[in-house]
Amino acid sequence: MPGTTTTEAESIEPQSLKKLSIKSLKRALDLFSPVHSQFPPPDPEAKKIRLSHKMKVAFGGVEPVTVSQPPRQPDRSNEHTGTSSALALPGPKGSKSTGKGVTENALVVGPTLQPKGLNSIGTSGKSTTIIPASVSSYERNFSTSALMERIPSRWPRPEWHAPWKNYRVIQGHLGWVRSVAFDPSNEWFCTGSADRTIKIWDVATGVLKLTLTGHIEQVRGLAVSNRHTYMFSAGDDKQVKCWDLEQNKVIRSYHGHLSGVYCLALHPTLDVLLTGGRDSVCRVWDIRTKMQIFALTGHDNTVCSVFTRPTDPQVVTGSHDTTIKFWDLRYGKTMTTLTHHKKSVRAMTLHPKENAFASASADNTKKFSLPKGEFCHNMLSQQKTIINAMAVNEDGVMVTGGDNGSIWFWDWKSGHSFQQSETIVQPGSLESEAGIYAACYDQTGSRLVTCEADKTIKMWKEDENATPETHPVNFKPPKEIRRF
């Protein structure tokens, strides 16, 4: 403007809204919080003021109406604002009461809007009809919810678990590492790879003990028997092999699959082997005679995950057709089909103690109870990737590994994800090779092994220095859980 002098404004460093709000929050905490990381104790005076304010807001428009007066007819011009059942509260002490138990000075609490066409007020034909004192109170929608006690969430609080860290990276395979299994003695574990070999590693040192060759395609499934000195492997070459670990050679092969074999499981109490593959069939083999006992047919697409248990349902399979099936091992028939998932069920894990299992798909990770397969709940967050591997230990720590290299740790009971980390590809690998194909805990549940697309095997353990103070549980109970 003419006649005024302009001074150059001082330059102010621009800051993001997030940074400013965090600063403001920190200042507020410094001012008002007596002890950091703890909520201040409730102030009874403040609670009294808050409650009286709520009462004033909720019941400000309440006026006493004497019952002996004839009922007032509402103005027909305001028919569109009818009332629903008004809440009548008893009058103050000393107010007279009629023979029918209705106080003379009844309080009428804010009527709510009523749908058009319902113009009746109270109970017609009775002298105890309660009518709002003025039409203006029709237009005011008061609520008693302000006075209701808030009930805390019934969702179980997650237990505190220490975060897991990667402490060893093992190199040795020349292709993607696709499968892993632990020895029952917990001294060694074996891995199967796309380089067509099976390697056996020492758990304590991570040193290679043995390399087994025999498959002509990638090895997709491994299992070590706790009843015999046998190890079983399955691969894309349609072959299922039984290895004698005393002679370190193949002693049996199980022929019957029409395409690649993607998953493998050993029955805990019977000499039975289960394999699932691209031919949409889960096959049940007698370990000793090499005979196929059953071909469990019913899936419409690849059977990519299977686990077994000693009691019914003894066999549970997950498939690319998005279903999970429970099988009756006596008759080779389907017992139940679960259709909760919308995408391929590539991974499942049975809890070692509870009668429950979890299944993972690209849409959600879900928990089911056994033996009936009742849906419990979804995990509270979505990994939003294809999940190839999952495992759970006795402490209730579940891990899921994704195609994009994300590895999430979950609290089993509550479904809360307490750690979300990304695997780091080894030098020389592409970033797209950050994928996890298999995961398995050792027999104690204190060590985790993941098999990855960058041709490495990574070993994880809990951080010993972590405490609930250094790594607090950041948990918010869900307001509404999607049932499916």
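Cβ coordinates are placed from backbone N, Cα and C, and glycine is handled just like the others.
Where the annotation comes from TrEMBL, it is an automatic prediction and has not been curated.
Taken from TrEMBL, the feature region 'Disordered' applies to 61-101 (among others).
Residues or ranges marked as compositional bias 'Low complexity' by TrEMBL: 90-101.
Listed by sequence, the residues of this chain that lie at least six past the ends of the repeat 'WD' (170-211) yet keep a Cβ under 8 A from its Cβ atoms are 217-226, 231, 233, 235, 243, 248, 426, 435, 437-444, 447, 449, 451-453, 455-459. Among the features that TrEMBL reports, repeat 'WD' is placed at 170-211 (among others).
Counted with DSSP, the repeat 'WD' (212-253) comes out as 0 helix, 24 strand, 18 coil. As annotated by TrEMBL, repeat 'WD' applies to 212-253 (among others).
Look at TrEMBL and you will find 254-295 (among others) tagged as repeat 'WD'. Within the same chain, residues 217, 220-223, 225-228, 230, 232-242, 301-310, 314-315, 317, 319, 321, 327, 329, 332 sit at least 6 positions outside the repeat 'WD' (254-295) and bring their C-beta atoms closer than 8 Å to a C-beta of that stretch.
Mean per-residue pLDDT, taken over the repeat 'WD' (296-337), amounts to 96. Annotation comment: TrEMBL describes 296-337 (among others) as repeat 'WD'.
The repeat 'WD' annotation in TrEMBL covers 380-420 (among others). Only residues 6 or more beyond the boundaries of the repeat 'WD' (380-420), in the same chain, are considered here, and those with a CB under 8 A from a CB of the stretch are 155-161, 163-164, 344, 346-354, 358, 360-365, 367, 434-441, 445-446, 448, 450-453, 473, 475, 478.
Sequence annotations record features per position, and here TrEMBL assigns region 'Disordered' to 463-484 (among others).
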Item to check | For the repeat 'WD' (254-295), the number of residues DSSP places in helix, strand and coil | outcome: 0 helix, 23 strand, 19 coil
